[in-house]
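J.: Reproduced below are the annotations present in Swiss-Prot:
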type	residues	note
BINDING	109-116, 191-195, 249-252	GTP binding site
Amino acid sequence: MFKTLTQNLTKIFDKLVSSGILTEAQIDAAMRDIRVALLESDVALPVIKDFIAEVKQKALGQEVIKSVSPGQMIIKIIHEEMINLLASSESETKLNLNSKPPVNFLMVGLQGSGKTTASSKLALRLKNQNKKVLLVSLDTYRPAAQEQLAILANSVQINSLPIVQGEKPLDIVKRAIAEAKISAYGVVIYDTAGRTQIDKEMMEEALAIKKIVEPTETLLVIDSMTGQDAVVTANSFNEKLEISGLILSRIDGDSKGGAALSVKYITKKPIKFLSSGEKLTDLEEFDAERLASRILDMGDIISFVEKAASIVDREEAEKTAAKLKKGKFDLNDYLQQMRSIKKMGGFGSILSMLPGSGKIMDQIDQSKLNSKIIEHQEAIILSMTLKERENPDIINASRRKRIAAGAGTTVQKVNILLKQYKQISEMMKKASKMNPKNLLRNGIGKLFS
């Protein structure tokens with residue numbers, strides 16, 4: 001989501017670091033460049049103004065001007081201020097589950113914000129924490145909205161309140177309250193109706209629901225793709241409903257990222273979760289330091305390790321590592337890596353969590369290693385014999401023609417796969433010889449140099 005902002009800030013940081021001793025004029029110029037980068041990313045103007053003022057005040061301090069590496073000191077200040085911009089106390093960011101059961105959560109937001117998906121993701125997260133969860137759809141306006149929630153709930157074996165056609169939202173709430181008591185649910189998540197825009201009727205209905213439900217949390221789902229409109233939306237909901245926290249959806253989208261940097265600062269309400277993709281497991285607890293590090297191209301190694309640990313088969317990973325140490329990496333290993341990459345959201349998603357990735361993200365985009373390409377490559381590799389997978393060098397022109405026919409593709413696509421395999425094979429072998437500390441310190445850009 002922050003690709004453009006990350007790349008623009010990386011260029012500014014490179015200038016600062018390469019300058020050696022910094023003058024006040026150079027710091028002023030850097031602040032102007034940062035201001036432009038934030039404006040282009042749809043960060044709200046009041047946020048930019050206060051952020052730049054804080055950074056500049058600290059950057060002009062004597063300890064920075066006289067430091068051995070003033071450029072690095074300013075980058076450190078920017079990192080700290082970005083954390084301050086995004087952060088809330090730990091007690092605020094954690095989901096409040098301390099009420100007497102059933103604990104009620106009210107999900108609000110505009111239509112199309114990803115609210116229903118976020119409700120289901122939250123339900124799955126709580127189910128995995130051994131909570132008995134009931135999902136309740138109050139959206140009687142959007143066609144098939146109630147059915148959508150029921151399908152999502154059923155896909156992960158979570159109960160949803162049975163649908164009664166023609167029932168009004170407030171009547172659904174009363175039925176849900178009774179069901180929660182009878183069946184001893186620990187958590188009830190109410191998915192309210194959205195609108196294409198904020199209106200008086202929508203807010204009055206949501207307020208009436210809130211009075212009956214008495215939720216422990218009122219969570220506003222904000223679409224990160226909406227830019228500065230997200231701030232207006234967040235303010236309106238907060239004024240009328242007094243929200244307790246925010247969930248930012250579609251953070252994996254190709255948006256400018258300004259919403260994430262603005263909504264918390266403007267509303268003074270904590271960001272609790274980041275939602276990405278359609279998979280119900282794609283919900284992560286918000287961590288200001290991790291996100292700030294990702295935006296500033298310092299990486300988010302903790303998220304990377306957590307995600308990898310939940311997906312990668314440890315035994316297979318150890319086998320691959322042992323082979324790499326011996327300088328071996330065949331097409332079976334390549335296929336295994338591609339499948340893991342696909343599960344983790346694609347190559348771009350992985351790289352965005354590693355330090356130094358900002359400088360090579362365009363290069364990675366051009367490689368087009370998305371999920372569909374990986375599926376096509378999987379079909380090509382599975383059309384090869386075991387001997388060909390273990391010894392790619394034997395794949396001559398006639399073998400390539402046979403493989404292409406077996407995979408239902410062209411020889412050109414087979415050639416592209418073999419070329420990418422060779423490049424990644426060299427990169428993997430290079431990485432296996434590097435000191436892990438140096439790899440993290442220097443960033444993954446070194447692998448491509």
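Each residue, glycine too, has its Cβ placed from N, Cα and C.
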J.: Just jot down the residues in the same chain as Arg195 (GTP binding site), at least 6 apart in sequence, with C-beta under 8 A of its C-beta; none if empty.
T.: Leu110, Gln111, Met202
J.: Among the binding-site residues listed here (Gly109, Gly112, Lys115, Ile251), identify the one with the smallest other-Cβ count within 10 Å.
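T.: Least crowded of the binding-site residues Gly109, Gly112, Lys115, Ile251, by Cβ count within 10 Å, is Gly112.
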J.: For Lys115 (GTP binding site), name the DSSP secondary structure in the helix/strand/coil scheme.
T.: helix
J.: Long-range neighbours only, meaning 6 or more apart in sequence with Cβ under 8 Å: which ones does Thr192 (GTP binding site) have?
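T.: Looking at Cβ-Cβ distances below 8 Å from Thr192 (GTP binding site), excluding near sequence neighbours, one finds Leu106, Met107, Val108, Lys115, Leu138, Asp139, Pro169, Glu205, Ala206, Ile209.
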